Amino acid sequence: MIVTCRQMQDIEARAFERGVSAADLMEKAGCGIAREVWRLFPQPGTLILYLGSGNNGGDALVAGRELQKLGWQIQVRLSGPLEKLKPLPRGHFDALTDFAVSASPIDVADLPRPVVQLDGLLGIGAVGEMRPDIRALAAEMNALRLEQHAHTVAMDIPSGLNGDTGEPSVDCVIADLTVTVAHGKSGLIADAAVSHVGRLALVPLAELTVEDDGGPQLLTPELLSGFLPRRRFDFHKGQAGRVGIIAGSRGFIGAAVLACGGALRAGAGLVTLLVKEEVYELLAAKVPPEIMVKVVKDYRDVLDMRFDALAIGPGLGFESEDEILNVIQYASMPAVVDADAITMVARTPVSVFLTSTPPRLLTPHPGEMARLVGDGSSHPRLTQAESWAQAFPGNTLLLKGARTVIATESSPTFFNTTGHPGMATGGMGDVLTGVCAALAGQGIPLHQAAGIGAWACGRAAEIAALSQAQLSVLPTDVIAHLGAAFGELE
């Protein structure tokens, strides 16, 4: 559930009226934040706590205490006199041992790596421009991140970001990870906020749970694990889904290989790559040995084949456009439509091809989305996705980007939380297409399949980056680490 700042404050107020302890909430929030830091930075280094006088600083202090137990060295930067800390954070400050308080900017050159900065300066109640002292510390954090490659983790919301609109103030903290507590905040998913929020994580607090209003949701392991079916012990490959992949053409065989790899790692029982004769030998020599490669003279032959789901489009080219459009329109099984196939749909009367059942999942990047909706591409991403879903009920749209949006009419819109900038390389979408098709082939509805697929691919990329630079992560690395990502959902 995603809430406004006022809604969050009301939820907390009602909890306190029921006797919920603010100290208990701070303890649970801080411990949850520490777990999320450890998830992305499992090797201890240097932790710099940037503390305001409020309870956000207390969350940071609890997180610092827990990470110190794992071997992190702690340094502290205060926004004002120690006496101005509120009682709860002051208690955690006094309980912290073996740390240094610095009165001036910290030189991290000789400190143990990684260097992680916890932004505990401001919470969701802060509105407008930051005070000069807070702004100076926020600017300092941004400089350390930019110039000395420190990593920044924001507590609940980056300091200087409007929690409702997502508008950043001057020198707003630029976070690599924002750990939001209890519920997502509406400002965190705004288009303007993406580069300040970074990767998103949610620390659920049972005491602050409220009835779901059916609105947008952040994708979390807790949510997604309920979508994955548990396999019986006597499960066989026929029950794991037969997936047909229509992909690949001369010059673009890699896209087909990546889609096949994604489908295999997402648990498909049988994967068949359907190609024209001119690329058969090239692809048969490149795909994993588990893939069956079948030549078709006309892609419409697929309509008479037995599959539980299709993936259509990666590296396909446009030579067989009429055939592909017929498959999209008439195939009797769910289909994931990507890449060149989206462009084909975009330049035809879309309603003709998206009124059939079973439904279709379209996975456009922003450029393809612009072709699909025309002038509507200037609207916020949430508006684009939900408007499209309302126009084509029963179908699902996965709008790729730094904060992937997934929309289906009458379902809560999903915002993905995983991934990193290293995924900005060709082929990542091909892997996602294969993953989503494999999940659909296992009987998972397309909306949920898209959510699982987006989260798992992003998380696999994060795991891959634990042993290399983000910029070096390739689509093949994502495929190789999908098993670890799915393991976190079991």
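Positions of Cβ are set from backbone N, Cα and C atoms, glycine also.
Note: TrEMBL annotation is automatic and uncurated.
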Among ASP10, ASP98, ASP119 - the residue TrEMBL places in the same K(+) site as ASN56, SER159:
ASP119
Looking at AMP binding as recorded in TrEMBL, which candidate out of GLY426, GLY427, GLY429 goes with LYS400, GLY401, ALA402, ARG403, THR404?
GLY429
Looking only at ILE124, VAL127, ALA402, which of these binding-site residues has the biggest number of Cβ atoms within 10 Å around its Cβ?
ILE124
If you measure C-alpha to C-alpha, which of ASN56, ALA402, GLY429 (binding-site residues) come within 10 angstroms of ILE124 ((6S)-NADPHX binding site)?
ASN56
Out of the binding-site residues listed (ASN55, ASP156, ALA402), which are within 10 Å of ASP119 (K(+) binding site), Cα to Cα?
ASP156
Mind checking which of HIS365, LYS400, ARG403 has the fewest other CB atoms within 10 A of its CB? They're the binding-site residues.
HIS365
For the binding-site residues listed here (GLY58, GLY401, GLY429), which one has the lowest count of neighbouring CB atoms within 10 Å of its own CB?
GLY401
What is the nearest of the binding-site residues ASP156, HIS365, THR404, GLY429 to ASN56 (K(+) binding site), using the Cα of each?
ASP156
Would you list the other residues of this chain near AMP - those whose C-beta lies within 8 angstroms of the C-beta centroid of LYS400, GLY401, ALA402, ARG403, THR404, GLY429 - in sequence order?
HIS365, LEU399, VAL405, ASN416, GLY419, ALA454
